[in-house]
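*Asks:* Can you keep this structure in mind? I'll have questions shortly.
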Amino acid sequence: MFKRLRRLRSSENLRAMVRETRLNINDFIAPLFVIESDSGIKNEISSMPGVYQMSIEPLLKECEELVGLGIKAVLLFGIPKHKDATGSHALNKDHIVAKATREIKKRFKDLIVIADLCFCEYTDHGHCGILENASVSNDKTLKILNLQGLILAESGVDILAPSNMMDGNVLSLRKALDKAGYFHTPIMSYSTKFASSYYGPFRDVANSPPSFGDRKSYQMDYANQKEALLESLEDEKQGADILMVKPALAYLDIVKEIRDHTLLPLALYNVSGEYAMLKLAQKHNLINYESVLLETMTCFKRAGADMIISYHAKEVANLLQRN
């Protein structure tokens, strides 16, 4: 006697009834890039079709569209006019993400604003903190990250997302937030962030390629699974409220490993290179794009992700509404 597993696959409705993993619009976070400008700018990025650098007014229109589709959270990255060795723009109370957050909250008070907390977009060298002897100084960078975090919390950001991969960044930020009275501001840590070539197109849109070297001395070696788990569990101990794995597609084993070892919510970042590959395949009619897109997102959830940060968020929301 053998089990006839095909019985439950015989119709679309039956397959839907027994489906174990389901996508929901609430799963998605849309990354947005806000550029400092006095005029209305919306620049499409050639390596990421459908992704834009936007000044505040176009950004607000984009938020309106996202809210209309049911998306409840955005992740903001800032692109300043001025960059210097210490990323001083990020320590200004009127820096671009702080200003954008205040404007978003005036119009869409229920939209969750998550702010990426790093310095690579603000430094002229493209590294994620203060340089010392051609290397990023861990502890000096923690101090300015705390200052940036406090400015963003004051501007109304709902969640802070430190992405710098400095040791101790979550504990340092949590202490600074609590001391300033921001006890209820959650930290979404980029807890397991790999030094990945999948980030290539992001550096086009964020104008943040390193001017020398790479980020392998602080971002993780993609060959290491045990260290990947250790990084996330360490951030949990330090007080992270949400953990993250970045990139996504080639790292689902890491997502599953972390999911099996924590009860915290787990985010997954579907990064620029992954987005660009699907878009290129769509352009050349190599795949059924919509089908592959939904399959990919479903597999992210199946691996254990509770939320998905994706440049496809708006497309997926449209597909889910249609289906």
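Don't overthink the numbers, they just go from 1 along the chain as shown.
In case you wondered, yes, glycine gets a Cβ from its N, Cα and C as well.
For reference, Swiss-Prot lists these features for the protein:
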type	residues	note
BINDING	Cys118, Cys120, Cys128	Zn(2+) binding site
ACT_SITE	Lys193	active site, schiff-base intermediate with substrate
BINDING	Arg203, Arg215	5-aminolevulinate 1 binding site
BINDING	Glu231	Mg(2+) binding site
ACT_SITE	Lys246	active site, schiff-base intermediate with substrate
BINDING	Ser272, Tyr311	5-aminolevulinate 2 binding site
*Asks:* Could you round the CA separation between Cys120 (Zn(2+) binding site) and Lys246 (active site, schiff-base intermediate with substrate) to a whole angstrom and send it over?
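*Replies:* Spelling it out, the Cα of Cys120 (Zn(2+) binding site) and the Cα of Lys246 (active site, schiff-base intermediate with substrate) are 16 Å apart.
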*Asks:* When you measure from the Cβ of the residue listed as 'Mg(2+) binding site', how many other Cβ atoms are you left with inside 10 Å?
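*Replies:* That number is 24.
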*Asks:* Quick check for you: of the recorded positions Glu231, Lys246, Ser272, which have their Cα within 10 Å of the Cα of Lys193 (active site, schiff-base intermediate with substrate)?
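*Replies:* Qualifying among Glu231, Lys246, Ser272: Glu231, Lys246.
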*Asks:* Lys246 (active site, schiff-base intermediate with substrate) has how many other Cβ neighbours within 10 Å of its own Cβ?
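*Replies:* Lys246 (active site, schiff-base intermediate with substrate) is surrounded by 24 other Cβ atoms within 10 Å.
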*Asks:* On a count of neighbouring CB atoms within 10 A, which of the binding-site residues Cys118, Cys120 is highest?
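*Replies:* Going through Cys118, Cys120 one by one, the largest Cβ count within 10 Å is at Cys118.
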